[in-house]
Amino acid sequence: MKALSQKRRHPLAAVILLAIALLLTGGLYAVATATNEAKADTSVSYTAQDAEEGQKLFIANCATCHGTNAEGTADGPALIGVGAAAVDFQVGTGRMPMQMQGTQAQVKPGQFNEEQTHQLAAYVASLGAGPTIPEAEFTDVSQGDAANGAKVFLANCAMCHNAAGVGGALTRGKFAPSLMGVSEKHIYEAMETGPQGMPVFNDANITPEEKRDVITYLKSQEVNSSPGGFALGSLGPVAEGLLIWTLGLGIVLVFTIWLTSRSA
Amino acid sequence: MSHTSVQKDYQAKTNTGKIANYLDQRVGMSGIIKEFGRKIFPDHWSFMFGEVALYSLVILILSGTFLTLWFNPSMAPTAYDGSYVPMKGTEMSVAYASALDISFDIRGGLLLRQIHHWAALLFMLALTIHMLRVFFTGAFRRPRELNWLVGCALLIVGILAGFTGYSLPDDVLSGNGLRIIDGIFKAIPLVGTYLSLFFFGGEFPGTLLISRLYAMHIMVIPAILLLLVAVHMFMVVLHKHTQYPGPGRREDNVVGFPVGPVYAAKAGGFFFIVFGIIAFLASTFTINAIWNYGPYDPSPVQAGTQPDWYVGFGDGALRLWPGVWPFHWEFNFLGGTWVLSVFLPFALMAGSVMMAMIFWPWIERWVTKDNREHHLLDRPRNAPFRTGVGVAGIIGYGSLMVAASSDLIATHFHVSLNDVAYVLRFMFVFGPLIGFLITYRFCLALQRKDRELVLHGIESGQVVQLPHGEFIEVHKPLDEYRRYKLVAFESPEVIPAQPNKKGKISLLEKTRGGLSKIWFQDRVAPVTPAELEAAHHAHHDAVEGTDSSAQIEK
């Protein structure tokens, strides 16, 4: 130990320390991303031709905002390292290409078919490693646990998306959209990549199995009919108040007028 | 003693007669029936909302009794083992588990829970509409000021009843509501922290709260409500019912049906109609889907967390209160930090609306110096200032209530949440003034229209050519009944500041005089018989020509 401490002023000490630090962080990062990829890499494979076709589509449709090499411009972020999952989510749900610049990309009918989306994803994935499209195993709701999913959902998602997953408001025109009717794959990819104002829920935060549970819970909410009658959009007390002030008051008024129509 | 001996001699012939006689001898039934059975109720649809509130309360007590048989207010932890799959095995309080059991595992439980909750919403709604009716028709004036106070107390206790009930299921929604209550307690200067610790039995949320709220909700608050209802009804009988002006309706009579037998039958039927409406709502529309929210835990807050509509004005006040300007509503004083960003919205915004409502009868009496008894109601247009103030109040209260749903407005109308807040802030501050001015002018215009109708009658559409070639339209005069309604009202005039006994005009009296001027300076007086006579003459002239006018002159 004494010998080591005496060498701390050696001219090469800083260089060696820096090399060790870089190795450590780089190594840890590689391990961390490897655990993400190990579980979700094999289902989708890209050929060199896919990436080539994807690049052509990218230049024609995306480069205006994201730059010709996906390096980003003032109007759109760089796409190097965002991964195939981000492309599959944004393009697959119709959010990209954006209809117009705004606070948030809106859902619209998709502009590209499945093959084109696949090619675009292949091109963006070829630019740098990033989250990949989930394996079928992790979007299969028959293997999920709805009760655990409810727990994870209420603890992590309900603050923006509402307890019933019907969406909610964020600041300055941003919003958390409704999760009803969103495909399993897209829900998974959204958690993986954190589109728009959404935070990333990586595999260390919510494991792929837990993500599957959340999807299972949401899908069970879609299938189960509301036990108490019409759900009024599952919006809570405001919808209920509106109903009593309109339909409730309306019916009461009709009866009061009827009862007093034969006045003394 | 001689009284009973006389009664003994009487032998009823029928069984009904015997029962009636038995009751009469023991509790003086005939006297009671004479007093209450002959109480007259004038028929008007706007008089029915007090009844709707009363019947909703009865339904609340009936359905609530059923719920108490199954609800367990314990905050002890348990693992859910009922039939709602997404909660299976989740750790939760016994209270939440029993609320879920009522919803999923007890026969008829969900229906009764929904009946209870919808009845609560309807109760508060009917109470509100009833108060608006009383306000806009001036039914709160002497001798009914005290009953107005009792009504205000009913509204406030009703809010407490609703809030304690909302908090019982111990799901995330009710817990979020309680956290706000905790915040409001703590925001009260000096005593806030102590009040919160006292209320929750320690640091929020503690383990005592649900059972404490439960005791309030099922014993203390209903008892107060029933007591207030009894006092309210007693005074209704004592004061007799008010009525709208009309032919044969005077300050010293009431025109309508007596309670027995017609009105009692009608009212009994109406109870079942109200029950039917609530049962329809409860069996068709979900209310408070507690299974969506999950067990309460102080860490999460969910999007779309709002109170029931009648607490919305408080929530809205908190949402509208600006947090950054001119400072953070937080300063150091007397060695402590004073945080006013929660206290002020409640005290100033929600509080001012409540205080104005409670004290209105005395404010109006002070300004108008009108201390007479009133049993005939005002048509809202005939009291322009009061009607204007009422509309201003509705707009002020309404903007607070709407603000409680600002997030849903933002998502459903695709606008920015911040913009919704800006617009509603403007509405709260300037909306009442704009609403007042428009309503005030509207009332005056309607009064002028009434004058026009009385003086010139209804346009008949019949066009007549006079002998000298002029075309005129014949106006049909109103019938006497209709005309009576349009002319039988008082139109008070400005009472300027009066000197007191020392011959001085106090500052307060000056203020009163000023207010009186604003109140009454623009007024439309009812048509006098002389004006009517003159109008008829003019009318005749026009129709009959110069010959007839010469005739009248003689």
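For all residues, glycine too, the Cβ spot is worked out from N, Cα and C.
Annotation comment: TrEMBL describes A:49-222 as domain 'Cytochrome c'. Sequence annotations record features per position, and here TrEMBL assigns heme c 1 binding site to A:Cys62, A:Cys65, A:His66. What TrEMBL lists as heme c 2 binding site is A:Cys157, A:Cys160, A:His161. TrEMBL lists A:242-260 with the feature transmembrane segment.
The sparsest Cβ neighbourhood within 10 Å, among the listed binding-site residues (A:Cys157, A:Cys160), is found at A:Cys160. Proximity to chain B (Cβ-Cβ under 8 A) holds for A:Cys160, A:His161 out of the binding-site residues A:Cys62, A:Cys65, A:His66, A:Cys157, A:Cys160, A:His161. Sequence-distant neighbours of A:Cys65 (heme c 1 binding site) (same chain, 6+ apart, CB under 8 A from its CB) are A:Thr73, A:Asp75, A:Gly76, A:Met98. Note: the Cα of A:Cys62 (heme c 1 binding site) and the Cα of A:Cys160 (heme c 2 binding site) are spaced 29 Å from each other. A:His66 (heme c 1 binding site) is surrounded by 23 other CB atoms, counting those within 10 A of its CB over all protein chains shown. Other Cβ atoms within 10 Å of the Cβ of A:His161 (heme c 2 binding site), summed over all protein chains shown, number 23. Each residue contributes its Cα atom, and for A:His161 (heme c 2 binding site) and A:His66 (heme c 1 binding site) those atoms are 29 Å apart. Counted within 10 Å of its Cβ, the other Cβ atoms near A:Cys62 (heme c 1 binding site) come to 23, all protein chains included. Cβ proximity to the heme c 1 site centre (mean Cβ of A:Cys62, A:Cys65, A:His66, cutoff 8 Å) flags the following additional same-chain residues: A:Phe58, A:Asn61, A:Ala63, A:Thr64, A:Gly67, A:Ala70, A:Thr73, A:Asp75, A:Gly76, A:Leu79, A:Pro97. Mean predicted confidence for the domain 'Cytochrome c' (A:49-222): the pLDDT average there is 89. A Cα-Cα distance of 28 Å separates A:Cys160 (heme c 2 binding site) from A:His66 (heme c 1 binding site).
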